[in-house]
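Worksheet for the structure shown next.
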């Protein structure tokens, strides 16, 4: 729930007349009802309408009194996302470009796997981290999303899956933006979708990825929630990582590893390192050896990413043979590594690419 204190702390939050009803955690809904002279058991009914029956309006909540429905309408908005573009890949991946109520656009991706349907959500409109391989940073950061706007991405995809009796089984927070720069809203989102009264998506089926905002890694280590944790690494040495990710100049590799070790000491959970392979930059066997040396004492997994070509950036794809050699070298050195299956390569599946294309059209 967005309070005055939250708005003061997070200057990039929107200033809507009404906040999204999807921004309230279950405990916040209970307290809000009590504060407004209602019985807190109504929270269970409201969450059932929102997340199980997935209604589009408060008026459809027919087991609530007209008085309570009116109170809810007076205070909250039912966040809706308008689908501007929907691209479907031959492998079943679907990329959505959604328009928010203030006209900004965000991306959400549905990925189909043998083990279920995974949704990749966005946490910010744009991004200010400045990764040199990512289209998301091209327009800078416009604003943060409310928790309810992040929840609505999952719900909108789930409603589409309802037509074929499928469900969202996994969530990855790897879309546009840096989740740890919108930390409180991200954490509210996690607690909402993980709640038994909501979408009930298991914590171990949710992954959050950061570019390495070190203060928030320490905060995340203290959270009582077993969410999977991934770090975008892309380079084992400062020279290469700073070239790819300018954030490394503020939070270098040594400091990042120190924070990750603290996280593991506190949680005893495995960390995934995302390592995008960029032709001629970080994809040689010497780079694999540097990576293995850096993380050899950690409980971790390396996810090797054959990077989609992004026309807005100048990096090229690493040849398949070199990708396999890189993986083989890591395994030889005792590192658990896999190559991410390419999905959506025939659509604008690189992060921020579809949004960037639409922005070009708008400004012509």
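Backbone N, Cα and C atoms are what each Cβ position is placed from, and that goes for glycine too.
Counted within 10 Å of its Cβ, the other Cβ atoms near residue 107 (active site, proton acceptor) come to 27, all protein chains included. Taken from Swiss-Prot, the feature active site, proton acceptor covers 107, and the record attributes it to sequence analysis.
For 120-351, the entry in Swiss-Prot reads disulfide bond, with the evidence type sequence analysis. In this view, residue 120 (disulfide bond) is surrounded by 25 other Cβ atoms within 10 Å of its Cβ, with every protein chain counted.
Residue density at residue 127 ([4Fe-4S] cluster binding site): 26 other Cβ atoms are found within 10 A of its Cβ, drawing on all protein chains shown. Here Swiss-Prot flags 127, 131, 134 as [4Fe-4S] cluster binding site, drawing on sequence analysis.
Per Swiss-Prot, the feature S-adenosyl-L-methionine binding site maps to 177, 178, 209, 232, 233, 234, 308; the stated evidence is sequence analysis. DSSP assigns residue 177 (S-adenosyl-L-methionine binding site) to coil, not to a helix or a strand. Every protein chain shown contributes to the tally, and the Cβ of residue 177 (S-adenosyl-L-methionine binding site) ends up with 30 other Cβ atoms within 10 Å.
The annotation active site, S-methylcysteine intermediate is assigned in Swiss-Prot to 351 on the grounds of sequence analysis.
Taking the Cα atom of each, residue 107 (active site, proton acceptor) and residue 232 (S-adenosyl-L-methionine binding site) are about 19 angstrom apart. Take 177, 178, 209, 232, 233, 234, 308, the residues named in the record as contacts for S-adenosyl-L-methionine: the widest Cα to Cα gap among them comes to 19 Å. Taking all protein chains in view, 20 other C-beta atoms sit within 10 angstroms of the C-beta of residue 209 (S-adenosyl-L-methionine binding site). Contacts of residue 178 (S-adenosyl-L-methionine binding site) defined by a Cβ separation under 8 A and a same-chain sequence distance of 6+ are given as 123, 124, 127, 128, 129, 210, 211, 213, in order along the sequence.
A straight line from the CA of residue 120 (disulfide bond) to the CA of residue 131 ([4Fe-4S] cluster binding site) spans 19 Å.
Considering only the binding-site residues 131, 134, 233, the Cβ with the fewest other Cβ atoms within 10 Å is that of 131.
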